[in-house]
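Going by TrEMBL, these are the annotated features:
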DOMAIN    14-104  domain 'Clp1 N-terminal'
BINDING   Glu19, Lys60, Asp123, Val124, Gly125, Lys126, Ser127, Thr128  ATP binding site
DOMAIN    120-306  domain 'Clp1 P-loop'
DOMAIN    311-422  domain 'Clp1 C-terminal'
Amino acid sequence: MAEDGEPKGKEYVLEADAELRFEVENKNENVILTLKSGYAEIFGTELVRGKAYSFKTGAKIAVFTWQGCTLELGGECDCYIAKETPMMFYLNCHACLEQLRMKAENESDVKRGPITMIVGPSDVGKSTVCRILLNYAVRMGRTPVFVDLDVGQGAISIPGAIGALLVERPAAIGEGFSEQAPLVYNFGHTGIQKNTQLMNVLVGRLAEVVHERLQANKKANVSGVIINTCGWVKNDGYRLLKHAARAFEVDVVLVLDQEKLYNELSRDMPQFVKVVLLPKSGGVVERSKAYRAEARDDRIRHYFYGNKTPLHPHSFDVKWSDLKIYKIGAPPLPDSCMPLGMKAEDNMTKLVSVQPGPNLLHHILALSFAASPEDDIITSNIAGYICVTNVDVENQTLTVLSPQPRPLPDTVLLLCDLQFMDSH
Ligand code: ATP
């Protein structure tokens, strides 16, 4: 027992370049990690010695040390020490990116820092590598832009969104990067195969705005961009990757774990783009469909209710007649039924008016910055999300959960495929 009567955790001594990997699997478990001596980091964020970090069910963590350390772990979890990690490869990538940043800083003919895209199939650690590279950049005093094109988990805002974020501080352990004023575009589905045309348009628009913002922020411009992508790397998924690389004008593509993809990209990317194959970490855990669905729910709950810092969302009624709800993408028609000169895929980026009703229950609605359907709604970014928690047909009202108090701004609402059951 520790002095205060609390049960003490188990101690682990790590040599340099090793990592302690653990997964919290039991329901309602809370695992406490403390760095007792030495130095250690979690996905690039340094741990503070003596501070207790808590991890809840679902956490899959690696505590890495460059110098060696002693850790204490309390609570039930699956854990082991790994001596083989790809961290040296990732550090080398960071060092190369840092050199490009220095060139952008010091040489007048280099206009900006490196734009790097991380690609690979599902569950190879793409998001983790992005996080490590961003954290290392910030620890060098840089302010890179993080772009997330992975609608499956939605690291910026919620699943179904793509966006960009200026990273000024390392990610908080167990929380991620601080999301102040992110630039968000609504896709509305958690799989890009649902509407690849729309995704292409949104990626193009996001890239345009990111480039504009880099022009206006010299420090970010020198720091560059790190882009996370989704794990669909075949057929249309591959075409989307190429489109994103072109739109963002990437300089470096890091391919995790798939030689085939590496070969294809080396063949198809322009010569000036550096394509690098990187190994995946043996620690990356494959996630089941059920786990992913739960992680998505957690992400949305986090959006409305916060995590370690609790948020207090508002719940209020709005009249159907006060709402302008649309969805993007009309049901596909055969080409033969389309008006002259239009193709079936044009329908996928069409705006369709939605009548409020029971069909909206539990759905997420995006609040567009576009005020009316005459504006270019598809390429307008969004202010945030609300969730429909009740539909009253008799009184023709919806009850919504909203991060902001009433009234809702008088703008267009976009219906998402995504649903969330509010259990609070
Ligand atoms: P997706 O299929 O969603 O695109 P991905 O390729 O981005 O997945 P990550 O989300 O980075 O993969 O990693 C998958 C899981 O593995 C995450 O829960 C992450 O915390 C965990 N993970 C990553 N690296 C390690 C490691 N070295 N040790 C233990 N767990 C790890």
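The backbone N, Cα and C atoms fix where each Cβ goes, glycine too.
Note: TrEMBL annotation is automatic and uncurated.
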- Message: Under DSSP, is Thr128 (ATP binding site) part of a helix or a strand, or is it coil?
- Response: helix
- Consider each pair of residues in Glu19, Lys60, Asp123, Val124, Gly125, Lys126, Ser127, Thr128, all listed by the record as binding ATP, and report the largest Cα separation in Å as a whole number. 19
- Query: With DSSP, how much of the domain 'Clp1 C-terminal' (311-422) is helix, how much strand and how much coil, in residues?
  - Reply: 15 helix, 43 strand, 54 coil
- Message: Just to confirm my parser: what is the rounded mean pLDDT across the domain 'Clp1 C-terminal' (311-422)?
- Response: 87
- Only counting partners 6 or more residues apart, tell me which same-chain residues put their Cβ under 8 Å from the Cβ of Lys126 (ATP binding site). Ile118, Val119, Gly120, Asp150, Asn228, Thr229, Gly231, Leu256
- Item | Cβ packing number for Thr128 (ATP binding site), 10 Å threshold | 21
- Cβ neighbours of Asp123 (ATP binding site) where a neighbour is any other Cβ within 10 Å: 15
